[in-house]
Amino acid sequence: MADFDAVLKFWGPVEADYDKIGNMVLTRLFTEHPDTQKLFPKFAGIGLGDMAGNAAISAHGATVLKKLAEVLKAKGNHAGIIKPLANSHATKHKIAINNFKLITEIIVKVMQEKAGLDAGGQTALRNVMGVFIADMDANYKELGFSG
């Protein structure tokens with residue numbers, strides 16, 4: 001519970017502008033890990049220079065952060081949130097589990113810059129995401145997806 005609270009303490013600036021922060025997260029993900037852009041067919045033709053102002057990237061980034069907010073606010077009681085998410089990411093989107101590790105580090109960096117996430121908060125976010133990723137992976141295995 002302490003890790004969830006430590007991250008939520010810094011969540012206000014993220015929640016205040018999901019579109020902007022979400023765009024920053026995905027743009028940085030695609031910039032630092034260009035192969036990840038291929039996982040999003042609807043973003044395939046968007047050049048790096050055009051991402052910052054792209055409404056579709058902002059909207060999807062906001063969706064990612066809103067789902068993370070649900071997980072954070074559930075404070076560990078997130079099975080009902082993760083199961084459908086794992087199902088769609090395994091069966092429809094085919095997203096390998098390692099990509100969640102990549103986006104975790106991007107979210108840590110963006111929250112450090114835009115929400116003042118301190119060292120303790122960064123560790124807490126990595127811990128929360130570690131549990132989330134392990135639970136996603138367990139669901140993937142149940143579905144027979146070795147992402």
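Every residue gets a Cβ built from N, Cα and C, even glycine.
Taken from Swiss-Prot, the feature nitrite binding site covers H60, and the record attributes it to similarity to another entry. The Cβ of H60 (nitrite binding site) has 19 other Cβ atoms within 10 Å, all protein chains considered.
In the three-state DSSP assignment, the secondary structure recorded for H60 (nitrite binding site) is helix. Summarising the annotation, Swiss-Prot assigns O2 binding site to H60.
Classification of H89 (heme b binding site) by DSSP places it within a helix. Positions annotated as heme b binding site by Swiss-Prot, on the basis of similarity to another entry: H89.
The domain 'Globin' feature in Swiss-Prot is assigned to 2-141.
Secondary structure of the domain 'Globin' (2-141) per DSSP, as helix, strand and coil residue counts: 114 helix, 0 strand, 26 coil. With respect to their backbone Cα atoms, H89 (heme b binding site) and H60 (nitrite binding site) stand 14 Å from each other.
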